[in-house]
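The annotation active site, proton donor is assigned in TrEMBL to GLU75. Summarising the annotation, TrEMBL assigns substrate binding site to ASN62, GLN63, GLU64, ASN65, ALA66, SER67, TYR68. TrEMBL lists CYS73, CYS112, CYS115 with the feature Zn(2+) binding site. Per TrEMBL, the feature domain 'CMP/dCMP-type deaminase' maps to 21-142.
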Amino acid sequence: MRKQKITIELTVFDTIEELSSANQELMRLAVKARKNAYAPYSNFEVGAAVLLENGEVVIGNNQENASYPSGLCAERVAIFQAGAKYPGISIKCIAISATSKNYTVDKPAAPCGNCRQAISEYEVKQRSPIKLFLMGETGEVVVCNSLADILPLAFDNSFL
Ligand code: THU
């Protein structure tokens with residue numbers, strides 16, 4: 001028997017202004033994308049901005065449905081759109097920002113488990129890390145160097 005410890009390293013910026021101007025710009029696109037979220041049921045609005053290797057940025061926002069499970073998170077709307085529009089082009093990073101009509105989201109919004117799995121597929125496929133920038137509406141920005149860091153023991157195509 002042996003034990004294994006998994007540790008991850010995150011970089012935390014106190015405010016969006018501490019990011020490089022390029023990363024700030026990407027986060028601002030995620031904030032802007034939030035505004036077209038369709039979230040009448042949760043009132044929780046998320047925006048995502050995906051930066052591709054070719055310099056293009058593809059955005060997404062959460063799209064809810066009266067049949068709750070039929071809705072989709074901002075991250076998957078964005079990465080699926082990127083895959084549809086720019087097949088074969090690697091994703092460099094994804095900025096994510098969330099707000100709520102019910103309270104002030106002052107901590108970084110992290111992708112849900114389904115989105116982690118979906119982003120992981122792209123990271124495995126492109127064989128290079130996808131960096132994540134996570135923010136609420138105010139406060140800290142957490143940077144994760146690779147999706148794999150927040151999805152340890154991921155299920156991937158090596159099992160199939
Ligand atoms: N949501 C996202 O868009 N991204 C996440 O990673 C977490 C949750 C959305 C889904 C749903 O529309 C609302 O936030 C509340 O769960």
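Note that Cβ sites are derived from N, Cα and C of the backbone, with glycine treated the same way.
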Requested in this report: Using DSSP with the three-state reduction, classify TYR68 (substrate binding site) as helix, strand or coil.
Outcome: helix
Report summary line: Distance filter, Cβ under 6 Å of ligand 1; input binding-site residues GLU64, ASN65, CYS73, CYS112; output GLU64, CYS73, CYS112
Query - Three-state secondary structure, which DSSP defines for GLU75 (active site, proton donor) - result: helix
Query raised in the report: Across the domain 'CMP/dCMP-type deaminase' (21-142), what does the pLDDT come to on average, as a whole number?
Result: 98
Query raised in the report: What are the other residues, in sequence order, whose C-beta lies within 8 angstroms of the center of the C-beta atoms of CYS73, CYS112, CYS115 at the Zn(2+) site?
Result: ALA74, GLU75, ARG76, PRO111, GLY113, ASN114, ARG116, ALA118
Query raised in the report: Which whole-number value in Å describes the distance between the Cα atoms of SER67 (substrate binding site) and CYS73 (Zn(2+) binding site)?
Result: 14
Query raised in the report: Of all the recorded positions given, namely CYS73, GLU75, CYS112, CYS115, which is spatially nearest to ALA66 (substrate binding site) at the Cα level?
Result: CYS73
